[in-house]
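**Student:** I'd like to ask you about the structure that follows.
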Amino acid sequence: MQITPENTWAAVKAIRSRAPLIHNITNYVVMNSTANALLALGASPVMAHAQEEVEEMVGIAQALVVNIGTLSPSWVRAMASAALKAADRGIPIILDPVGAGATAYRTRTAFQLLETVSPTIIRGNASEILAFESVETMETRGVDSTELSQNAVDAGRRLNDSYGSTVCISGETDFIIGDRAILGIRNGHPLMTRVTGLGCTASALCGAFAAVNSSFTLAAAQAMAVMGIAGEMAAEISPGPGSLQLHFLDILYRLTEEDIARRLRIVAGE
């Protein structure tokens, strides 16, 4: 199994033609930007977090994205209910453990969601992935990663072995672990780190690609590749982070097969 420009473009076309409904229980900071990115890609976003309706909403969605960026007890209950319903329906579940390791509550919540239902894809930075291994000691790592992505590969392997989840570790090189393979993608630009919420956007795009793909490892790799390609193209014409946000959406909307073929950078695979 390998990511190629051809299968990545085929997935983009599938998203654009099918417009899969992606149910996001995400944080206040990124709701708008995440929804706009999904729309630009061609998917259909919905942001619903009330426990009274999440199961019903999952019932019509093609993927569920759970993001713990802004937590409250009612949201945690809604996340668990939605995840159980998604598992019952057999649709992809993407978990973004934002800031896991920063506080005990955040780390426990991420671990409880992992235990409640094994997510299809877990996407986080290296510190967040490593936090799953320190859940007993509650080592504080912070919201932004203090680790290189390659430092979490072994932890990602263990998560994959234990829960069957594809693990996507974002960083300068994105590592995707699953299907008895490790894929490495090296697209993107340093300016992307100056825009809040692009990691959360990547998780949402994982949901869109998982909705049209039978291989969730490939779906995560394709999502990270498209995210990185659009980001680096946007950075090339942006003097700062404000304009990058605007150009990112436009380029995601206009992305072509030629863009992917010219820019996709695969640096590891086995």
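Placed from the backbone N, Cα and C atoms, the Cβ positions cover glycine too.
Keep in mind that what you see is a predicted model, and the values were worked out from it rather than measured.
Residues or ranges marked as substrate binding site by Swiss-Prot: Met47, Gly197. According to Swiss-Prot, the ATP binding site annotation covers Arg123, Ser170.
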**Student:** For the binding-site residues Met47, Arg123, Gly197, which one has its C-beta crowded by the most other C-beta atoms within 10 angstroms?
**Tutor:** Arg123
**Student:** Rounded to a whole angstrom, what is the C-alpha distance between Met47 (substrate binding site) and Arg123 (ATP binding site)?
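**Tutor:** It is 19 Å, counting Cα to Cα.
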**Student:** I'm trying to understand the geometry here, so how far is the Cα atom of Ser170 (ATP binding site) from the Cα atom of Gly197 (substrate binding site), in Å to the nearest whole number?
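**Tutor:** Between the alpha carbons of Ser170 (ATP binding site) and Gly197 (substrate binding site) there are 13 Å.
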**Student:** Going by DSSP, is Met47 (substrate binding site) part of a helix, a strand, or coil?
**Tutor:** strand
**Student:** Three-state secondary structure of Gly197 (substrate binding site) from DSSP?
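**Tutor:** DSSP call for Gly197 (substrate binding site): coil, neither helix nor strand.
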